[in-house]
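Undergrad: Quick paste of what TrEMBL says about this protein:
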- HIS538: active site, proton donor (ACT_SITE)
- HIS581: active site, proton acceptor (ACT_SITE)
- THR24, SER25, VAL95, VAL244: FAD binding site (BINDING)
- 283-297: domain 'Glucose-methanol-choline oxidoreductase N-terminal' (DOMAIN)
Amino acid sequence: MPGSIRIGELQNKNFDVVIVGGGTSGLTLAAKLSEDPDIHVLVLDAGDVSENDPKILLPAQYGVHFGQEAYDWSFQTTPQKFSNGAQILWSRGKVLGGSSATNFFIWTKPPADDIDDWERLGNPGWNWKNLQKHMHELEGYQMPSAKSAAAHGLNFDDWHIGKNGPIKLMHSANMAKSQLSAYESCLKLGIPKAPAPMDGDPTGFYFCPLSFDPETYQRSYATTAFYFPNKERPNFSVLTGAHVTKLVTKSIDGTLRAEGVEFIHGGKQHVVKVGQEVVLCAGAPKSPQLLELSGIGHKEVLKSIGVPVKLELPGVGENAQEHMHCEVSFELRDGVDDISLDVLRGAGPGVLEEQMKLFETRDGPFTVGVGSLFFVPLEHFSDRAEEIYAAARKQIAAEWGAYPEGLRDQFNIQMERFEKRSLLGELSFIPGFLDGPNPPMPGKKYFTVACLLNHNFSRGTVHSTSSDPTKDPDFDPHAFEHDIDLQTLVELIKFARKVCSTPPLSDMLGPETNPGVEVETDTQLEEWIKGNLSATFHTVGTLSMLPREKGGVVDTQLRVYGTSNIRVADLSVAPLHVAAHTQCVAYGIGAQAAEVIKGSLGPAM
């Protein structure tokens, strides 16, 4: 049966490729592989299809939930443990389509150098040229009207974006005046316009495309792009509600082979046979857990959870990198006439009905995106850049002997990026309240600046704490073990305040809500950041594509070292983080993985 398959239909059925996780990368990979009618693909996903769910499809759902601790209608949340004992939540989409169904719609691409650095770390073929080819083919961008292009400051002579792909993209129908004013204020402060944001150089301010379908103005995500259009293929099957627990493996001449995939469905345990390949696409927090539960990982971790060692691979769950962030927020002045997401916060049925009527005419807050942002090097937002760089070099030199060889290679590249003026920081401008700890006041409108760290030096871990597959792994980002990460966020907050005090944006803003005027000195900002840090859910690196002797888990064919048919194709393989929101990169990895795997499969089962 094509498309959604029933559990009973799996008995005695062979699949060439079993994909664990029907998220951003997983569905991309499945759709690409099943273009060949001789390749039979099964996707196992723990979530539901959730077709026609307005909480997924309708833009600005984050606006409805501003001020709440979590909006977990389709998320799983895991406490992230910081080295100082603090915890935050790490959310991801537990639904077919994964986090592409729950993200902020943002479509940004990294600098070309950031991807080329993957190749420099020992991964031939994993470079900007190849990944950009795949990302470009997936893009289905619709050109805006001349009026919209002018409002967004767009010059399409400098853009290189695909227009015929399955991921529908557009610029938001409306822009808040506050976002446009932020753009003007940033230009006054010397932030340049990004010269080629979709083609390898996003340095500066731009209004990014959003993953909205211009025909319906609903979310375009992995499910609408890759599952619905292809579900009638007889060689493309998806089983939802399937919580994978481990891989069933067998050692053959010293090499581990996956014979099956064990999962829970309907409260019962099942095993599906693996014909040729199994590919983990469960995301950077979950894919390493599945390897560990299958006996693949660091022997001490496996011993601690009581799982027999099938294959010792110490890099599993290491090298975790996350875009950490915190926010600065201001009230809008009374009387400022501007579109704001705050009208959706805690709105009752009557208000939502009124806003939905506006949405039907492509007006109101449901048509406003959060894609106004800039990516810049430290020099653009801090006069302390050289001081901070020097301190980072000094710390790394002092600790050099304690670093494994693979991490030394990464740090050498990251220190080279100082000279290249890589894009260490991001500010994202949001027409509404999105932060804490000071709560929003009823009836007030707000403006938020998210301050994001792109190239963090601190490396975290993701490890299982139990052999129970229903228990989430422990994620410790080891935040601020390298002081450059903390100092970069301090400087971003100071610059965000500077932007907000510069006309024309300052003319719209009232008092600061967070951090608050009482948080003023660098020391006070450091302490405030440590207590109010959040994750962007852009985690990478936990199954890094690196040489095995340098802490790698997968090779350039995405095959797990020491195995014959276990691969990984999600953000966990990215060995070094990038200056971009990761939706586009996750799709690109799935597409490039399909090209790699197609070239190595044997005859169909």
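The count begins at 1 with the first shown residue.
Quick reminder: no glycine exception, Cβ is built from N, Cα and C everywhere.
Whatever TrEMBL says is automated annotation, not expert-curated.
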Undergrad: Any idea of the Cα spread of the FAD site, THR24, SER25, VAL95, VAL244, as a max distance in Å?
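TA: So the binding residues stretch over 17 Å, Cα to Cα.
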Undergrad: Given the recorded positions SER25, VAL244, HIS581, find the one whose Cα is closest in space to the Cα of the residue listed as 'active site, proton donor'.
TA: HIS581
Undergrad: As a test of reading the model: what is the averaged pLDDT for the domain 'Glucose-methanol-choline oxidoreductase N-terminal' (283-297)?
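TA: Here the mean pLDDT over the domain 'Glucose-methanol-choline oxidoreductase N-terminal' (283-297) amounts to 97.
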Undergrad: Summarise the domain 'Glucose-methanol-choline oxidoreductase N-terminal' (283-297) as counts of helix, strand and coil residues per DSSP.
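TA: Going by DSSP assignments, the domain 'Glucose-methanol-choline oxidoreductase N-terminal' (283-297) contains 8 helix, 2 strand, 5 coil.
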Undergrad: So how many other Cβ atoms are close to VAL244 (FAD binding site), meaning within 10 Å of its Cβ?
TA: 25
Undergrad: In Å, rounded, how far does the Cα of VAL244 (FAD binding site) sit from the Cα of the residue listed as 'active site, proton acceptor'?
TA: 27
Undergrad: Long-range neighbours only, meaning 6 or more apart in sequence with Cβ under 8 Å: which ones does the residue listed as 'active site, proton acceptor' have?
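TA: Long-range Cβ contacts: ASN103, PHE104, ILE106, TRP107, THR108, THR536, HIS538.
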